[in-house]
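Asks: Before I ask anything, here is the structure I am working with.
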């Protein structure tokens, strides 16, 4: 690096490399954070375009646009791209940008691995996307890749599996880096129980990732050997069991969905106190609730499989264990409400998205509680009711909080203020259309519409059309966000941004003590005062 | 024009919100027609009301706070950030609510699981993409496919109106018939991938796993027709393998059983006779449209890159025995039809593909030859 700025003597204060190469070789946590966030935003639109294909086909009964096989590829790829290409990388991007600045560290602990983990992600997602153009089409078995169905995939199968391996390696590297950074690079005085909630939730998430990604890699490797090397892990004819795959997959899959929601909790716990002008209510119970949810996520996996044919003892155990999740999750919602209580609230765009998150995530939580009841799940399972449930916990929860984080920290990252009016317009369009999109899906599921179907009986027509209209408006509204991001990077409103950006934000967390935008290298000497407002 | 109208209707519905013009479809789970489905409905409503009650409390508090505790109204922020009593309360109370929910849920689960003391058993086998029913007590055995009307409309770009078909996508050529007021035990398995058998009015769904047996049960009091669908993604035509159950009072059911036995005997007879090529081609066209057209297309053109064309295909225009073997055993995404089609249907569809769809190979294969072959075929799914 120092060669690039050879005329400088001060190696501690050099800037980035010049030109495009800067982004390829960078080891700077801010650059890598930006790369992750922009890549995630791009994939959000790719996955979103696939969702638009799905909603267009479902706009009316009958088959209008795509054949059923391609429709199944769309549902599969939409999920894989959104999970592994958009939501997870977006949170890793936030972690890269914010964790060092929040704990007073100069950079991530393992900067070269950081670079590698980003480029492996790009390779993995591109490999996955390339399967769309292969003979036999992209995987069409749903993102869960259940055998025996997934073994009927054409040429794409080994490529999809290798792509999962790459994504897994990338995630594990990212997780190791985050854990190493948090454990080794905190500023003096920043004890674990003084860390901002976002750092805490990411620490716990990183442990989840290290525990589960190898399990997923193992599961798909068994698919690979079943298909090409004559093993029979999941084939009854050779002594295997297709349901074994589901157990392994969901041992990964359930913690995986918490990988997408725990950092969401962290961001919400960061934003709400700033705009309520109050400390976070129940900091230590928030930390403990996060840890409890993470622990429970490992022992509830078979609630995704209530109808697969388990013994009654299994059904009952997984029902009871799943119901328990409602307790720590409830604690979190109550804490956020108590944080707002008797505050002095203002409603800038990040706060609006955060409040919508608390309300709509709780709705997703309610339907989750309903589905935890095993006998009732014999009706709900694999219908649009579950589609509504997990989209409520992912779109107006994870995605909304990512939007909130964007609005909250863009002024810090760029030194420019976004346009509040367009931000609010984006919020209101999003929050209304997302409910028009997903709320009717509860009705469809209860009325008997199965998920993953490209065509349906005519009694489901009206709600599907309404849902599709909501989907199109929601999709189009996100172009506003793209506009706002570009506009803000290019100078925004032109308003001068202070280091705090938001009123008294520096009382809550260290990043607000730095100039906006922060210099290329920050906290090369550790901060001396640790904010404690959030505790 | 039709689309514009529907779009407009959709927008009006949105504008008026819920509660208007909705007689035609339900918003909630239906009670169903069995004791289990009624118990599950009550359980569903109980949890729903618990959620509504908690929701009103939490959201009510939040919106009260959002309205009153805002800076623009001059509210000054208080700085409290913990309260042990409150925190204990909102941990204990939800725990008690959960215990209250778990008790009826456990009872319902045990009831759902009890397949003992059944009056009769039906074996259900999932296939890509049809259901196979076998009455284990009297030997009745048949396949149930999507009905012809729906099948025509649901082809990509058919341009036909789904509303013109009664029970679009929820109708079959041969429904499952059960007697009322009997405890019927179902055993489930699959010949290929995992499917799931769901009739909402019966109150449950159950996965069909290849190589394994699952069980469930039902007892229907009132005669009627109950419809459902496959609910586990099982490939391309997952949306097109519905389930129809007709519950009949015992005398009608017994008459149906006799009728089925007579029809089976007639079918067995027809496989034994010598068929002309023309008769096979004529019958084969219908078999092709039910079983093959959704991938290979009604005109045999296939779908380039995904499903091969049959017109001028080297397999179809090549050795007839090689084609029979491929159709019988399946390949990749193509299901194995050896145990799925009757000898007559099998011979007819193969003969049709060779002498229709723009091909003119000129030969034919007799049902008797297929019968001989089928008796030597290894059993699919290892479950018979």
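Each position is counted from 1, following the chain as shown.
For all residues, glycine too, the Cβ spot is worked out from N, Cα and C.
Remember, TrEMBL labels are computer predictions, not curated facts.
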Asks: Which range is it, out of A:287-306, A:487-506, A:507-526, that shows up in TrEMBL as transmembrane segment?
Replies: A:287-306
Asks: Taking A:13-34, A:35-56 as the choices, which stretch does TrEMBL tie to transmembrane segment?
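Replies: It is A:35-56 that TrEMBL annotates as transmembrane segment.
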Asks: Taking the transmembrane segment (A:159-185) as reference, which of A:35-56, A:118-139, A:463-486 has the most Cβ pairs under 8 angstroms?
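Replies: Looking at each of A:35-56, A:118-139, A:463-486 in turn, the most contacts to the transmembrane segment (A:159-185) are made by A:118-139.
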Asks: Given the transmembrane segment (A:257-275), which of the listed stretches A:197-224, A:287-306, A:390-410 has the most Cβ pairs that are under 8 Å apart from it?
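Replies: Per the Cβ count, the answer is A:197-224.
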Asks: Are the transmembrane segment (A:350-370) and the transmembrane segment (A:197-224) close, by which I mean at least 3 Cβ pairs under 8 Å that are 6+ residues apart in sequence?
Replies: no
Asks: In terms of Cβ proximity under 8 Å, which residues at least six beyond the ends of the transmembrane segment (A:35-56) contact it?
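Replies: Non-local partners: 23, 26, 64-66, 71, 74-75, 77-78, 81-82, 85-87, 89-90, 92-94, 96-97, 118, 121-122, 125, 129, 399, 402, 406, 437, 467-468, 471-472, 475, 478, 482, 485.
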Asks: Among A:118-139, A:197-224, A:390-410, which stretch has the most Cβ pairs under 8 Å to the transmembrane segment (A:287-306)?
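Replies: Going through each listed stretch, the top one turns out to be A:197-224.
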Asks: Quick test of the contact rule: Cβ under 8 Å, at least six residues beyond the ends. What residues does that give for the transmembrane segment (A:197-224)?
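Replies: Sequence-distant neighbours of the transmembrane segment (A:197-224): 91, 94-95, 98-99, 102-103, 145, 147, 150-151, 157-158, 161, 164-165, 168, 171-172, 174-176, 178-179, 182, 231, 233-234, 245, 248-249, 251-253, 255-256, 258-259, 262-263, 265-267, 269-270, 280, 283, 286-287, 290-291, 294, 297-298, 534.
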Asks: Report the mean pLDDT of the predicted model across the domain 'Cytochrome oxidase subunit I profile' (A:23-530), rounded to a whole number.
Replies: 95
